[in-house]
Amino acid sequence: MFNLPNKITLARIALIPIFMIIMLAPFDWGRLEVGDESIPVAHLAGAILFIIASTTDWVDGYYARKLNLVTNFGKFLDPLADKLLVSAALIILVQFDLAPAWMVIVIISREFAVTGLRLVLAGTGEVVAANMLGKIKTWAQIIAVSALLLHNLPFELVSFPFADLALWVAVFFTVVSGWEYFSKNWEALKTSN
């Protein structure tokens, strides 16, 4: 249960409160000037930590497959860690008016729904592992959150709304992958009582 990939996933979860403290610290760390734009140092530090934590998603999966250490615990914990990290970041982005609340609500609602689906089916002995659309969704969310945490830099220097477009792509894949999880598991869900 506590093999290397699962320990990496647990480390990702442990980084979430540190990320939140950096982002929500009640003091001003100053701003970093980039051309005509600027970004709060706390947001830059938070973005770097978020990107590091997000990268562990790839690392734990790589080692799980390479070392043949894929476990049901890991199949459950890995997507949960992703959801916790991304949800914490999205809520903070809303607080700083860097993301529209309705988009964050759509993303987090889907995450709760799919987690609920996984929990119900786990009670019947079925494990709902991440599929390709779910993985694309996760990376789309990570890219969007990273770009938003960075205040759209460096794209802001050329007035290209990369962060906004990335968030729209993330919402799209969030909804589509959620639909796929439920449609593929609907029969199992109906017979789970």
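Glycine is treated like the rest: Cβ placed from N, Cα and C.
Features reported for this protein in Swiss-Prot:
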TRANSMEM  8-28  transmembrane segment
TRANSMEM  39-59  transmembrane segment
TRANSMEM  88-108  transmembrane segment
TRANSMEM  157-177  transmembrane segment
Need a quick answer: max count of Cβ pairs under 8 Å to the transmembrane segment (8-28), which of 39-59, 88-108, 157-177 is it?
39-59
Could you pull out which residues elsewhere in the chain have a CB under 8 Å from any CB of the transmembrane segment (39-59), counting only those six or more residues past its ends?
8-9, 11-12, 15-16, 18-19, 22-23, 25, 28-32, 78, 81-82, 85, 89, 92, 96, 138, 142, 145-146, 149-151, 153
